[in-house]
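Below is one structure, written out as structure tokens, with a few remarks after it.
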Amino acid sequence: MEMTSDFSVNGKFDPSAPPPFRIADVRAAIPKHCWVKDPWRSLSYVLRDVIVVFGLAAIAIYFNSWLVWPFYWAAQGTMFWALFVLGHDCGHGSFSDLPWLNSLVGHLLHSSILVPYHGWRISHRTHHQNHGNVEKDESWVPVPEKVYKELDFTTRFMRFTVPFPLLAYPFYLWWRSPGKTGSHYDPNSDLFTPSERMDVIISTSCWTVMVALLAYLNIVVGPVPMLKIYGVPYMIFVMWLDFVTYLHHHGYDSKVPWYRGEEWNYLRGGLTTIDRDYGLFNDIHHDIGTHVVHHLFPQIPHYHLIEATKAAKPVLGMYYREPKKSGPFPFHLIGYLVRSMKQDHYVSDTGNVVFYKTDPQLYRFFGGKAD
């Protein structure tokens, strides 16, 4: 292959080439006010979402009609996801400059949707610190070929066939990803350092209290009403979380690189992330689809991400993947998800710059193929 510039191969842009700018250049392009965290503004989003959550539940319970329940499940599951994103901001410290407020709000929001706040916060920090690193990343990390071949057929099929991966998050919290060990609930897990164990104990205790509350309500109200009020929205929330987080790092028109060893650095890893347009859901889930700048600078509050991205794009140039515009509903993203699941199965065991490879035998029993 003939290199025609520092970041092209045979005249075609090479996304795996070291960028001709530094992360300091991107930072300098972002207006200073985009870094300012306003706790009152952050709390106003929490208030807005909580009001909507209880309002939706009240409406659904009042009408108690099968004409209403499906709409409630879709809307409430989306709002659970919005609550998660606000708790996610707390975990990054972009909610406020007050650690106690971040921890308090983060625990209330995440515990309410059965997420162990500190356990998740710590592993998510690992994800951001090692984004794009095959060996050290934490979220939707590629499976090396050797590990992939050791997986049984059922595990492979479930991991790469929609809709099963959209239900993965609760299992990930308990057991992590293939090739990794540990639990987000266990203070002695290798996910955590000894100094973080008390934080994990606190979060697991809060999670346990929420489980106990749900069990109590299940007895008082009944399992079917609780399934309709909480259970189905929770499953919709999990599907939103897996859908969005997967597409942050997969499924672009051309494959994105992953790195090992000396080829990886924080900037190159961050540039593997992908922005997405979710139509009318952009505001509802707090612009989490504006993801590249968020990954590079997770301290920026969500309400400044769009402005920060506009300012950074001239510096990022072709390393920024412009998201396809969505209609009111982001149906176009389903195609990206399905195609990526069919094609992105594992990466080579060797090489410091790698791309996903396809297992052509994965769907052979169903007469299918990787498109």
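Every residue gets a Cβ built from N, Cα and C, even glycine.
Copied from TrEMBL, the annotated features are:
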type	residues	note
DOMAIN	10-58	domain 'Fatty acid desaturase N-terminal'
TRANSMEM	45-63	transmembrane segment
DOMAIN	65-320	domain 'Fatty acid desaturase'
TRANSMEM	157-175	transmembrane segment
TRANSMEM	200-221	transmembrane segment
TRANSMEM	227-247	transmembrane segment
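Tertiary neighbourhood of the transmembrane segment (227-247): same-chain residues 57, 60-61, 69, 72-74, 76-81, 84, 113-114, 139-140, 163, 165-170, 214, 217, 221, 274, 276, 278, 285, 288-289, 333, 336-337, 340, selected by CB-CB distance under 8 Å and a gap of 6+ residues from either end. Sequence-distant contacts of the transmembrane segment (157-175) (same chain, six or more residues past either end, CB-CB distance under 8 Å): 114-116, 119-120, 151, 181, 183-185, 235, 238-239, 241-243, 246, 337-338, 341-342, 344-345, 362-363. In the domain 'Fatty acid desaturase N-terminal' (10-58), helix, strand and coil residues by DSSP number 31 helix, 2 strand, 16 coil.
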